[in-house]
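Here is the structure we will look at, set down as structure tokens.
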Amino acid sequence: MSTSARTRLVHLTGAIGSGKSTVRRLLEAYGVVTLDLDSLARSMHQDPQHPVMHHLKQAFPQLITTSGCLQRGCLRSYFSQHPDQNRELLRIMQPFIQSALQHWLAQQTSSFVVCETALSLVSDDSPIPVWRRVVVDASEALRLNRLLQRQATWTSDDATNMMAMQVGREAYLLGADQVISNDGDLSRLVSQVEELYSYLCNEGEIK
Ligand SMILES: CC(C)(COP(=O)(O)OP(=O)(O)OC[C@H]1O[C@@H](n2cnc3c(N)ncnc32)[C@H](O)[C@@H]1O)[C@@H](O)C(=O)NCCC(=O)NCCS
Ligand SMILES: Nc1ncnc2c1ncn2[C@@H]1O[C@H](COP(=O)(O)OP(=O)(O)OP(=O)(O)O)[C@@H](O)[C@H]1O
């Protein structure tokens, strides 16, 4: 791919509610350039003119709003109960997301950038080289608790169904270069992110 030879991609991942976005924002405070793939996906399916909408309209006509966007909240209301349809959603979205990610990466000039997603970053037909995989980990009970606090309208069943959509804790940890254990309070997270930042800077130094 045509990525700047100097910019390395860090995949920041972990299960729903593990604390990925919190870690990403803490890294941003150090000046790290980051991209949130959930926001990127949202910017596509909340834009009626985006080319992906043609495919989404065909696949999920019942989930398209009168203004031509994908219904917000459909992860909870629909996809969490239809795993096959979720696979179809990801199949449709992936090429658009991969191409936008490649385009974004090609514009970067820092030695590394961080990309957040709970999902896989690479697909067989479009491999994007991941330099480091950082996993944010927390117990299921804690994640459930934090999700219910964050999303006032979710029931415990909603949160559990959404957690069940993703691979298990062990699978996330597989192949991790760094693990952030987010089982403690925010101050513990802050100090781990400080260490992570030093690690990435030292490892990412272009020699
Ligand atoms: C399904 C959508 C419309 C739901 O949006 P919503 O605002 O309700 O949820 P949000 O984006 O905040 O996601 C909440 C959590 O679920 C995870 N998640 C998002 N989509 C999915 C999915 N399809 N399957 C499993 N987990 C998902 C996110 O990473 C995050 O951890 C949206 O999340 C989406 O577009 N998902 C597809 C994203 C995608 O294709 N990514 C490819 C990455 S390479
Ligand atoms: N160490 C912590 N102590 C207390 N609350 C925390 C801690 N870490 C994260 N949180 C809170 O838990 C919730 C989930 O964190 P966050 O949104 O960062 O997770 P996420 O992995 O990005 O979630 P999603 O997968 O849904 O995008 C947020 O409300 C966040 O403020």
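Cβ from N, Cα, C; glycine included.
TrEMBL labels come from automatic prediction, so no person has curated them.
Long-range C-beta contacts of Lys20 (ATP binding site), restricted to its own chain and to partners at least six residues apart, with a cutoff below 8 Å, comprise Leu12, Thr13, Gly14, Glu116, Ala118, Val136. According to TrEMBL, the feature ATP binding site maps to Gly17, Ser18, Gly19, Lys20, Ser21, Thr22.
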Problem - Three-class DSSP secondary structure - Gly17 (ATP binding site) - result: coil
Practice task
Starting from the Cβ centroid of Gly17, Ser18, Gly19, Lys20, Ser21, Thr22, which together make up the recorded ATP site, report each further residue of the same chain whose Cβ lies within 8 Å of that point, ordered by sequence.
Solution key: Gly14, Val23, Val136, Ala138, Asn182
Exercise for the section: Determine, from DSSP, whether Thr22 (ATP binding site) sits in helix, strand or coil. Expected result: helix
Handout entry: Largest tally of Cβ atoms lying within 10 Å of a Cβ, found at which of the binding-site residues Ser18, Ser21, Thr22
Key = Ser18
